[in-house]
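Some features that TrEMBL has for this protein:
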- 108-345: domain 'GPI inositol-deacylase PGAP1-like alpha/beta' (DOMAIN)
- 694-1008: domain 'GPI inositol-deacylase transmembrane' (DOMAIN)
- 692-714: transmembrane segment (TRANSMEM)
- 734-750: transmembrane segment (TRANSMEM)
- 800-826: transmembrane segment (TRANSMEM)
- 847-864: transmembrane segment (TRANSMEM)
- 900-922: transmembrane segment (TRANSMEM)
- 969-989: transmembrane segment (TRANSMEM)
- 995-1012: transmembrane segment (TRANSMEM)
Amino acid sequence: MPINLFSQLSLTWLSWRTSSYLYLIKRVTGTLTQALLFSLIAQSYLYGANTGADAAECRTVSMYPSYARIRSFDESHTKFASKYSLWLYRESGKDTVPKKEGEGFQALDGIPILFIPGNAGSYRQVRSIAAETSVLWFDPNIHVVDNPKQKNYDFFAADFNEDFSAFHGRTILDQAEYLNDAVGFILSLYAHTENPPTSLILMGHSMGGIVARLMLTLPNYIPGSVNTILTLSSPHSAPPLTFDGDLLRVYSAIDRFWYDGFHPSSQEPTLAQQRLHNVSVVSLTGGLLDSILPADYTTLGYLVPPSNGFTMFTTGIPDVWTPSDHLAIVWCRQLRRSIARWLLSIADISSPHRTYPLERRMELSRQIFMTGLEKYAEQDFDKTKDAVGVTLDKNKVNFLGPNSILKFNNGRHNPRKVNVIMTEPGSTFQFLSSDTLTYWEDAMIAESQTASVLLCSKDKSPNADPENSFAGLQCVDLFTYIRRIPRSSSDVEKLMDSSFDGEKDSFYGLKIEPSILDAFDMVIIHEPLETSKSHFSIAHLASASKANVTLKSDLNSLLMSNVHAKLPADRPLSTNIYIPGAWSSVLAYKVQFKNLEKKDSEFIPFIRQWRDEPYETKWHINVKNGAETHLSVHAIAPFTPFDRTRKNKGINLELWVDPENPQTDDPLPDIEMVFSVDVWGSLRLLVLRYRLAVVAHCLAVSLLVFLFQSVRYYHTGKFPDQVYGLGCICERKLFALLVIFLGSLSYLVKNKTVQRLLNLADPVVLHHKNEINISLHPNYSLNTFYLGLEENCLWFLGPAFFVMAIGINWFIYHLLVYTGLGLVYVGRLTKLFPRTFEEKEKPFMRWRKSKIGGTIVLVVLVTFYMPYQFAYLVSSLMQIVTVVKLMAHRNAKSACNYNISIMMLMLWVLPINIPVLIVFVHNFSINWATPFSSHHNFLAVAPIVALAQLQSQYSEWVPIPRQGEGRNTYFKAVVSVLAYIVFYCMIYGVRHTYWLHHLFNFTCGLILLGYGEKVLWK
C-alpha cells in the first residue's frame, strides 16, 4: 500500500485520540461488541444442548476381550515392526483359541478383517464390534442374519502406539505402508486352509479410514487384497487439520488416484481402475454429535459413484436412530449390532474373496444401513425376487377406490378379509403399522396377527380368464420391503426407547413411489384374522401430487422472516414438504406445526427429516401441537465438494399424521406450518466449522497492527503499542472499508474465474502442482477460499469473525502485558531486574559465547534430527524472555512495543508448529526416528531464529527504518509484504494454514535486513 495512505490514517487516528472522552466511548463500545459476539458463540457452543433427534442415546456395551500380539510379524516382513505391531482379537468363551501351546495360527478358521484406529487411537477399540460379531455367529439362540454362506470373523487390529495421524502426512504414509505388509502377512496365515482367502475387509475409524484408502494407492499394495472398506467418522472430503503441508499433499494424491479409478479418461484401464473397480466403500458418520470432526467432511459422493459406495448418518440407520460422537461410533450398542449384521450378511465363505460380488454387497449395505425410503434404495426392488401367483374370488373381495384409507386395529376378530385398492397413474402407496408384515403364503395357511400386502398386475396373457380379472395375478410380496421406523406414541419419550434393545417395539413403515407403483394395477391387503389390543395398521393410496409440497422460499427469505404453509385436510398419511432454501449446513432451523390434534389417533405425529447424498435421515418423534422442532442439516458446507448440477439441494420434512377418513372421521382443519432459521442453534454450528479460522484471522489482525505501528514509527521515530494499531483498524473510514471488502469477499471468491485466478496465484499451488484449491470432478464445486461460503446472504460472517479477531487480539495483548508486568514485579522483588536503566549502544560484534554455541547446536539438531518446529519453539521462548526484560526497562518503550508485536505474531504462528512437535515427541518416546523430510529444512526457520537472537542481543534496537534515513525502498518493501500476508491470511489461511509459517519466516528475513542496514547506516 502507498505510504501516504498509512500516514493519513495515522494522523487521523492521532487527531481522533485527542478527544479522550470520544475515544473512551468508542473504545468501550468496540470492546463490548467484540466481547458480546465472542461470548454468544462460546455460550451457544458450550451450553447449547442437543435435543430430540440430535441427542446422544447410545447404549453402553459389555464384552469379554482378549488380545494376542502376533510377534512373528517382525522385521523380516516389514521395516516398521519396531514402531507398530499387529494384534488378534478373541472374544473369550466364543472365538476359538489354540488348544495346545505352539499350535499357533491353526485355530484361524474365519474371515479376516483388519481394524485401523484413528488419530491417537488404540487397537483395543476393535473390541466392541468384534465381540458383537462373535456373539451373533456363535450364539445358537440369536438368529438375525439369513445368509447360508456366513462365517465367523477373525479380527486383526493394528497398534500404532497412538500415533497422531491427523497431524502429520508422513505418519499416515508409514501406517499405510505397514498395513499393506500386514495384509500380505495375514492372508499368508490362511494358506493351510482349503480355498484360502485372497482378500480381506478393512474397517477404519477416523483417520484410519483415510489410511485404508491410501493403502490402495501405494506400490506395495497387493492387487485384489482389499475389496470392502467400512469407515467410521473418517474425514474423506477434507483434512481435519491444515497445519502440515505433507498431510495436504497426501490427501490430494489419494483423491486424484480414487477419482481416476472411477472416472476413466481413456479406454485403456489405468492402475487405479484395476485396483478400485471391485471395491465397495461405506462411510458411516455420527452427525452433529461429533464435536471433533465436522460430519460434512465424511462425504464420498464426489469421488466414489453410487455403484461402489455411499455415506450414511447413524441417525438414519434402522434400529440405531441416534447420533454418535467421534469415539462412541466404535462402541455404540445399537450401531455395533447393525455393523455385525452387515459383516455376516456380506460374508461368502465359498468365495476366495470371502464376500459376495460388488452388486450384492452394495444391495445388502443399502438394506442394513439405509431406511429403505430413499430413492437410491428403489433399485433394490425386484419383481422376480418375491413373486407370488395369486387368484382371488372377486365375490369375496372388498373393493376400495383410489385415495382410500384402510385401518384395522384394537384387537378385532374378523374372518379372513382381502382388500383390493385399484391404482391410478401417479399414485403413491403408504403403509404404517405397529407390527411387521406376514408373508402372503403364510397368511393363507395359518392364523396371522399381522397384515400381508401385495403389489399385483393383471394377467395380460392370451390365456387369461375373461370372466375373472383376479385370476392369475402376478404379484410381489412386500414383506421384505417394509422397514423399521421409530415408535411415536405416548408410551415412549426418546428414540432409544424403540431402537435396538429398547423397552418398546418399533413401528413399521412402507412407501411405494409412482416409479414402482405405476407398473402394477392394484394393491392387495390381507387383513389379519385377529389383532392384539395395541395393534394398528393404516394403508393409504393417494395421489403423489398431494403427498408432496414445496415451500416457495429461498435462503434469503428464510433469514429475513418465517415461512408459512398449509397442509390441506385431505392430506395423505405421509406428506413430504420440500424446503429448497434450507440447504446451508452453517445454519440451524426450526419448524412448528399447528392443528395436529386428532381424536382417537393411532399414533402421535412424527417427522422424517431427510436428504440424499449424503444420505441423512433424522426422526423427530412425538411432535406436539405448536411445539418447536429444532433441525440441523448436512448439505452444502464450507470447504467440502458439492454437486452443483443437483436441483434439489434443500431438506425434506416428511410429516406422518393419522389421515382423515371422510366416512368415519369429523372434518379436520388444515395443518399450519411455520419454518424459520434457528439463530441460537446456528451460532453453535459456527464453532465446529470455523475453528481453524481463528489462527488465520487473528494473525491477519496482528500483522495489520504491526503494519500501522511500523508506519507510525517511520514518521515519528516512536513505536506505538498494540492498542494504537487496533485503534487504527477500528477507525471509522477504514473499518467501513474493511467491512465492505470482507462482506463482498465471500461473493467474489465463489466466482469460477476468480477461483481459477486465486488458485494459480497461490504459492502453495506454484510450489506443488498437485495441490489445487478447486474440485477434481467437473460436476462438483469446491470453495476453499476465505470462509468457503456459498451463501451470499451470510456476507456478515466475514466482518463478524474479523471483529472477534480484533477482540481476541486485544484480550491476548492485555493478558500478556499484565502477565509480563507481574513477572517484572516479582523480578524486582527478587532483585533480578534493576529499577533504572540507561540505554547504551552495544558493539555489534559482541556476542555471548553461550548464544553462539546454542545456535550452532540448534542448527545441527534441526538439520539432522529434530524438526524445524523445535527451533521455532525455542525462538518463541527466547522472544518472550526478551519482552519481559524490556518491560523492566522504563526507557525502552519503542523497543518494548516492537518486540511485543513480534511476540504476538510468533504466538499466533506457534499453533501451526505445535502438531508436528507433538508427533516428534511421541515418536521420541517410543524410540522411533521419524523421517521428517522437509521438516529438516533449516532454511524454513533460519530467519526466525536469527531475528530472535538479534532481538535478544540488541533488544534496544528497532530495525524498522525511520523517515530521513534514506531507506524508503526498504520500508515500502516491508509494508507491501505485510499487506500481502494479511491478504493471504484472509483468502488462503484457513485451508493452507501451514504456509503462514513460511510467510512469517520470509517476513523475519526481510526484517533482518533492517539490522544490517541499521549497522551500515550507523
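Using N, Cα and C of the backbone, Cβ positions are placed for all residues, glycine too.
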CB contact flag for the transmembrane segment (995-1012) and the transmembrane segment (900-922), at least three pairs under 8 A: yes
Which of 692-714, 800-826, 969-989 contacts the transmembrane segment (900-922) most, counting Cβ pairs under 8 Å: 692-714
Contacting positions for the transmembrane segment (800-826) when only residues 6+ beyond its ends and CB under 8 Å are counted: 30-31, 33-35, 37-38, 41, 690, 693-694, 697-698, 700-702, 705, 722-723, 726, 729-730, 738, 742, 787, 833, 883-884, 887-888, 900, 903-904, 907
Average pLDDT across the domain 'GPI inositol-deacylase PGAP1-like alpha/beta' (108-345), rounded to a whole number: 94
Long-range neighbours of the transmembrane segment (969-989), counting only residues six or more past its ends (CB under 8 A): 1, 3, 6, 693, 695-697, 699-700, 703-704, 706-707, 710-711, 714, 742, 745, 749, 758, 762, 764, 773, 785-786, 960-961, 995-996, 999-1000, 1002-1003, 1006-1007, 1009-1010, 1013
